[in-house]
């Protein structure tokens, strides 16, 4: 029995001192070190002692890091992977290394990196990712790296960086972002402002320069001239008609998204109806209301007609088209959105009392209300409903404008006799 006990302890001791054959393992300066550098390795070898705190795999031929690559060494504090052939770091390759303080991935070919793995590395103090093929860094990539002191992103292929990328790095003292092909458009202006104001050391600032546009090529970011830039704004309203559109019989709903911003924002319609969600990211019809060539629609006249001028037309509006219609605008400086809930109602649901002589709809961000004369009035808590008469497409048989026969008020939708369309306006 005693011999079995000794054998068990011997086995445990042997496991504790195990080391992959190509590597050297030992203790130095109080650290358990595994040195696998310059071993011509093409994969991370298995069999490391679980108590390893420093691992060098530099100067090998590793092509990538798969999920769980370092699961055997959860106590790692330093990991050196420079000068390999790494192109991809898979999700889960680094996520288990919650004690990691130093990570060197420099001088590789990384273009595909699992940025979400960094969210678990809250102890990280040094991150070297220079001399790779990175083209994009998510805005929240460094959100958990509150202990990070040094970040090296120089010599990559970064064209821009999202505003706020470095905000979580409250301990940062050293940043290298030189020698990237930055596009000096509105989206990069924040970086110039931040770099000039921050206490973080940013060396080689003359090499943080523009690659495009051509007129600014070679200009250091610190000397970037003022650019005409503004974040998007949107205003969602209704239109009485759509000039030039060939409308089929039925009810017609017309919405218009007025977009402003510099550079010109991209417009996107998000429609939530009973049957699901419809996304429209570009115009799908011409001015005649017919589908543009190449538009993936089932017929020559789409159910939801998105025009290049920001208008959206639903030629056959009914119960199946009830829902939330959202207009989104995005450019390099951000995004803006405005929404409207649309439902059919019959007369007698409060229409006459609410309509009165004028009708209202909440403007974007509560800035005011639009009346039949398109005047802006102060918005109040009661201004959350617009009641609009509907009539069949075509010439109306009767007018509804403030009792004046034959005249329609500006802004009224012609959508179906004796029906009411309720707009519950919201904006975000």
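Any Cβ shown, glycine's included, is placed from N, Cα and C.
Features of the protein shown, as given by Swiss-Prot:
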DISULFID  257-327  disulfide bond
DOMAIN    19-50  domain 'LRRNT'
DOMAIN    180-231  domain 'LRRCT'
DOMAIN    232-343  domain 'Ig-like'
CARBOHYD  51  N-linked glycosylation site
CARBOHYD  309  N-linked glycosylation site
REPEAT    51-72  repeat 'LRR 1'
REPEAT    75-96  repeat 'LRR 2'
REPEAT    99-122  repeat 'LRR 3'
REPEAT    123-144  repeat 'LRR 4'
REPEAT    147-168  repeat 'LRR 5'
SIGNAL    1-18  signal peptide
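Using DSSP to sort the residues of the domain 'LRRCT' (180-231) gives these counts of helix, strand and coil: 21 helix, 10 strand, 21 coil. Helix first, then strand, then coil: DSSP counts for the repeat 'LRR 2' (75-96) stand at 0 helix, 5 strand, 17 coil. For the recorded site, residue 257 (disulfide bond), the DSSP three-state label reads strand.
All chains included, 26 other C-beta atoms sit within 10 angstroms of the C-beta of residue 327 (disulfide bond).
For the repeat 'LRR 4' (123-144), same-chain residues at least 6 beyond its ends with a Cβ under 8 Å from one of its own Cβ atoms are 77, 82, 87, 98-111, 113, 115, 150-159, 161-166, 168-169, 171, 176. For the repeat 'LRR 3' (99-122), the list of distant contacts is 53, 58, 74-93, 128-135, 137-138, 141-147, 152: same-chain residues at least six beyond its ends, Cβ to Cβ under 8 Å. Within the chain, the repeat 'LRR 5' (147-168) has long-range Cβ neighbours (under 8 A, six or more residues past its boundaries) at 101, 106, 122-139, 141, 174-183, 185, 187-188, 190-191, 194, 200, 204, 211, 332-333.
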